[in-house]
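Here the structure is laid out as structure tokens; the discussion comes afterwards.
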């Protein structure tokens, strides 16, 4: 073989090798032959996939939020006038809540707070205030709103109604009172508001009352005396007998502990988060979370920025709330965690949870963090419905053997001084018509 022929053969062999290498490179570069690593990446669910999964869950499981302050928003903005376009609920309201966003958020049930503020200090517990009147007005406006938008909302007074309303495509609507001051510290008024449809009472708001100590008192550096004895105990007992949910949001840590010792039915926290994650006194300590699990109750996680991130509220975001959900699930179990956003009760909300339309995004993040479909179903609604059903069952049993509780606060005044001398209306009588002790008993 000549030197030239030998050179040509060598070139052909080299060219063949090069073509083989290029062919391999082409095959490796083609989409059909992805590496195991790239295949795994392609199989990883995206955020959109979790959101679709969340939407599917909320299509078949009612999302029930424990606390929304829309009624107070209405009171402050329109003085409870809702007709003639004053509250265009079907359109976008300036707050966090309206019908359009509730539907977008897949809300299946809502506890509407018929909140009225604590009396300004230093009003004594038994001083006459307008709290009960204002509470009745808030019950009235909320029920009128539900009736006005009855195509979309349905008033409910029990857990079965909530499920029926959801199956009919309506948003089940319930009432909650935020503080014992709203019933005038009276067990008689407790029974009356139950008759009007209220189904939970927060034991205190940001003030002590005849029943218990508020967390705000402890925040001010005063002692945590817990549940007031004996009247606070009688209050809890009567709520259990009625079937009224006992709500421990806003109360002091010792009030939480004392109540859990005497409660005969599961309790709720309508809008509180985990103290171990953010050490704000509005949140629930781990020892209490464990007792809630024993009690078969539920803690409904709130979204308020300064509660979920006490050190840096501006940094609070949707993942911060997920942290609270998972902590409560870890300590108490997935059977004892729920959602209570506190929309329209605050102006400071985490990034990603700006209004009621954002619930599916929260559920998507919970799924992305590793929660199962069954765990999410418990979180969004099954837990609070289980608790409510159990409270109703226990109440029926207690009502067979117990009469309405006639206890009263030992510091209460049973008469009030008259504004004028009633005897002056009856001058000339030989015997005064009214004695000084009875002057305040007449309401002419």
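Residue 1 is the first one shown; counting continues down the chain.
Using the three backbone atoms N, Cα and C, a Cβ is placed for every residue, glycine included.
What you see is a predicted model, and the numbers here were worked out from it, not measured in a lab.
Residues or ranges marked as signal peptide in Swiss-Prot: 1-34.
Marked as Zn(2+) 1 binding site by Swiss-Prot: 67, 69, 178. Taken residue by residue with DSSP, residue 178 (Zn(2+) 1 binding site) is part of a strand. Take the CB of residue 178 (Zn(2+) 1 binding site) and look out to 10 A: across all protein chains shown you find 30 other CB atoms.
Residues or ranges marked as disulfide bond in Swiss-Prot: 118-207. Cβ neighbours within 10 Å of residue 207 (disulfide bond), excluding its own Cβ and spanning all shown chains: 20. In the three-state DSSP scheme, residue 207 (disulfide bond) falls into the strand class.
On its own chain, residue 271 (Zn(2+) 2 binding site) has 66, 67, 249, 300, 302, 304, 340, 341, 342, 345 as residues at least 6 apart in sequence with a Cβ closer than 8 Å to its own Cβ. The Zn(2+) 2 binding site annotation in Swiss-Prot covers 178, 250, 271, and the record cites sequence analysis as its basis.
Secondary structure at residue 282 (substrate binding site), as computed by DSSP, is coil. A sphere of 10 angstroms centred on the C-beta of residue 282 (substrate binding site) encloses 24 other C-beta atoms. Per Swiss-Prot, substrate binding site is recorded for 205, 282, 342.
Neighbour count (other Cβ atoms within 10 Å of the Cβ, all protein chains): 12 for residue 413 (N-linked glycosylation site). Residues annotated as N-linked glycosylation site in Swiss-Prot: 413.
Ranking the binding-site residues 67, 205, 250 by how many Cβ atoms sit within 10 Å of each one's Cβ puts 67 at the top.
For residue 413 (N-linked glycosylation site), the nearest of the binding-site residues 69, 205, 250, 282 in terms of C-alpha separation is 205. Comparing C-alpha positions, residue 178 (Zn(2+) 1 binding site) sits nearest to 205 among the binding-site residues 205, 250, 282. Each residue contributes its Cα atom, and for residue 250 (Zn(2+) 2 binding site) and residue 207 (disulfide bond) those atoms are 9 Å apart. The residues near the Zn(2+) 1 site, meaning same-chain residues not in 67, 69, 178 whose C-beta sits within 8 angstroms of the mean position of the site's C-beta atoms, are 68, 72, 111, 113, 115, 176, 202, 270, 271, 342, 345, in sequence order.
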